[in-house]
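Now, the feature entries from TrEMBL:
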DOMAIN    23-128  domain 'Ig-like'
DOMAIN    244-339  domain 'Ig-like'
DOMAIN    346-439  domain 'Ig-like'
DOMAIN    444-483  domain 'Ig-like'
DOMAIN    522-613  domain 'Ig-like'
DOMAIN    718-796  domain 'Ig-like'
DOMAIN    813-909  domain 'Ig-like'
DOMAIN    918-1010  domain 'Fibronectin type-III'
SIGNAL    1-27  signal peptide
Amino acid sequence: MVSKGPVTTFLCLLLGSLLFPLPGASTQQAFRVEPDNITVLEGAVALLQCVVDNPSGVIQWVKDGLLLGPDTNIPGFPRYSMTGDPSKAGEHHLRIMGSQLADDGDYECQAGRSEESPGIVSRTALLSVLVPPKTPIFKEYEANSTVTWVAGVEYKVTCSAGDAKPAAEISFSKDLSAPRSGVGGSIFQLQLTGASYACLPSPPAGLTDSSPWWQDMALLCHKGMPLSTGCTRVPPPSVLVSSPPVPPQPPTIEGYKRPQIKAGETLKLTCISLSGNPLATLQWLKNGNVVSTSWETEDASGASRSLLTLSIKPEDNGAQLHCEATNQVSPLPLVASVTLRVVFLPTEVSILGSSSTPENKQISLSCSTTPSNPPVQLRWWLGWRELTTTEGETLTHGGTVTVSNLTHMARREENELPLTCEAFNEVMLFTRSTSLLLSVQYPPQKVWIEAPPPHSRFRAGTKVRLTCFASGGNPAPRLVWIKVMRGHQAMGGSAGGTVLTSGHPTPVSVLPLCSPRPHPVPPIDVKITTMAKEVRRGQTLTLTCVTGSSNPFATLAWFKDAEKLKGVDLGQKPAEFGGLSTSGKVTLVVSSSDNGLRVTCQAYSSILAEAVNTFYKLNILYPPEFSSKQPAVVQGVEHGAVELPLHVSANPPKLSCSWSFRGEVLKPGGSPRHHLRAGGSLAIWNLSRADMGQYRARCQNPEGRNETHLQLDVHYAPSIRSLGDPVYVDLGATAELVCIADANPIPAGMFQWTWLVRGGCSAIDLPKASGAVGRLRIRGARQAQAGLYECRVDNGLPPPARGSARLIVRFKPEIEKGMGLGKVAMPGDGSSPATLQCRAQGVPSVKFSWEKNGAALSTPTPRYTERTWHEGTWHSSTLTIANVSAMHDYATFTCRASNALGTDKLDIQLLSTSPPDPPTGLKVVSVTHNSATLEWIPGFDGGLPQRFRIRYRWPGAPGALYMDVFPAQTPAFTLTGLSPATPYSIGVSAHNTLGESTQGPSITITTAGRGCLAGGEALSWPPALTGGLSALGALLLLSNAALLTCLLRRHQTWAGNFPPPWTRALPLGSSQHQTVSPQ
């Protein structure tokens, strides 16, 4: 049998050489714990472990090849720090607070080379940060919206959740088929996941009623991560499924009862469409243009109603009003229509043409009215004689224009007679007229001369008077004298038609003649001609104007509307009736703005001061042009309607316009939200913020095409996109709460902050700031400013958005200290426990440690037990000492409260029970003529319940009087029975079962003099009341003495028969301790 002694000895020596190398042997540094791959959620704390045995070199971490440095707080990486116990356990863990996506990477722990050991590098550990996906959204619908689905029609719904790592998993809720596989992409390491499904809704089995029903299956889109817990869902749109779909009944229009309506009245029409599943949508059109898109539905009666209010104008005559009703299953809109018959009278009667003409010539005039309904009749009057005319009517938009043409042979006897055109309607008892004077031109009827008889002889130098007369003629003739002398003639004249001639010494033969000059006549007519058949913008147009015969010749002037043009005079040439014809031309470079303007040629006779006019209307061909009034930006409100106006003109005016948005051509004919109006404007219903952007309108006609752009700005109520919660700030530093909102518009002063203090709120006045980010800066943050702050965002569109964030002010611990908190008394006989309390306030969380006479206590142990709890910013720790021993436990215990910002301490003495300490801070609250109210601060109670006793005396008194305070432990008392106007010296002391404290400081008071009641009556007590109060006081004193005696005897009995009393700590925050005996 082999002895075990030598084998055992060899194994022990071998193990000892391995565990305890000889002095001078080499100690190599090595990894005891190397970092492992870890995965954390975004915002969580990541801890990479590293433990090095025998460290002798510099130890630091490496991130993706970058050395982080050996400092505990790694510079440049405020969230990175090295933790652990490097001196004892060799721990050099890397802790990353609030992990972010940027922290993803490879990490290594390395120990640098030293004299004793070469450098070592740990294995590579991969840190993976998971990012929860954002709230999923529906592509086709908005959250919390209501959509209508028709049974039997297939619908596709797409849900997406973005910014996730790894890609989110999407599923849909009940009664829906499984989604198709998600489609993912990578944007800076984040994944976007989408899923869709096709749904064929159907009504419940057995449902035959055509009324709609709400299917209880919300469209729920869930997001989830393979490594995360839980999921998030989108607030669902409600789904209304109707069974079966039924088109509505044709609409009816109510309110148009009279066959005619007068201009200026207000017309109210109601369109009603019954039944239909779903109920019909209604709209009003006037002459093909939409004038109202609002309607109401009544589910109870199954009807849709739309009210249209119109202020009737003359141009509304003949207007067609249509009410269209349709739903999703109507093949075509159902239409009801009325035609307006508006009654209105002409506002003006006018005569066109010249009322001046030579005799025996025909005069042509035209009389016309402004539009009217019904049409009026016209008749002509010359003086009091009615003339025969030809009458016609011209229909215009909104009424009838009545025209009457008059052709009349003018006679000289009709000169200066009024020519009147009268418009009348016998049914409506209406008449209106206009007049002008007829001017008939005719020559003088007879010319003669009054003179001496023929062949009369006169001496030279004799004055002879000759008088010429003319009768008739219009206008009045001018007389001219002609003297014929031997083969030639001389002309002269005088205003009165009389000429005086002087005799000559030589005989002469004189034949005086008097004849009227030809009468001035304005141009018979004026005509404008041109060689151009079609004129386009930018081209040159030449117009030629030629007047008819006139005497004298007329001068020409050119006008384009009110603008005078510079023409070219082409001279005059003889014309009929012995007059002259004038011609001229003007050359224009036309533009599109000239289209429809009139170019007027005016022939003016300066002698007659009369003008004859004619005009040429410009017809300029040009491609579409957008007016300067075309807006660049159009604003609308989300969920409302907006119209993108199009101010465009062209010639030919027939246009075809199309709209596009983000490169996609809109097709209003097949869209329930886009509608093309007359004139090319685009109406958009049920606006959403996705409609915001630039729209392009393109119009064309045979002359060409043009386009313009409009920016649609959709206003919507605010929502809060981001609000940091919580926000930490160090005491005295500046805190900044940031509220990021999504809103349009973003007015100044949109953000309002409110401090939600306990029991109410307090608004914070801030200067108005612009932008979508609201900041609340609190400078010099104090503890009292911590709490909940609400960010309210209101841009004028309801509802305002609200969000709250909590401000946490970080400060170093502050231990509650005060009278009596630094001492705890307990008998040291080894049978009773003692509880030491330490209460501190601080942020972040406070950690407690205890020391005994400067040496750290390790808890828990059989005799020392620590309990810690936290409530808000307050933190408490109690140290319970079991079986207090005077030899081992009477000592000074130190409570240390620590956090990252500092440390505070409190020394608590554990003593034996003793008489109490004297009260301090004695003061007088009030004094009357016979009483004084006192207050004081209790001292340490010595570990036993204490009572208070008041000592007082006055000058001349043989000794001091004492008064016990009741209730016993109250630190306030009213001393009564004092004499008026008397000085008193008052002190207070404390006592317990072990004795009385020393006398505290005393104070001196003087009672007030005896006061008087109102009216001067002295204050006095009734004798009966005085006697009753005295008896009551004596009774109370006797009962107190008996009770005290009983308590003392029972205490002595318990002290001999029972163990020492146990102690119970008062609630947190108490400044004293209480001893309670078991019952």
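Cβ coordinates come from backbone N, Cα and C, glycine included.
TrEMBL labels come from automatic prediction, so no person has curated them.
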Statement: the domain 'Ig-like' (813-909) resolves under DSSP into 4 helix, 58 strand, 35 coil
Message: Restricting to the domain 'Ig-like' (23-128), what is the model's mean pLDDT?
response: 87
Query: Can at least 3 Cβ pairs under 8 A be found between the domain 'Ig-like' (718-796) and the domain 'Ig-like' (813-909), with each pair 6 or more apart in sequence?
result: yes
Message: If you count every Cβ pair below 8 Å, which range out of 23-128, 244-339, 813-909 shares the most with the domain 'Ig-like' (346-439)?
response: 244-339
Field: Secondary structure tally of the domain 'Ig-like' (522-613) (DSSP, helix then strand then coil)
entry: 6 helix, 54 strand, 32 coil
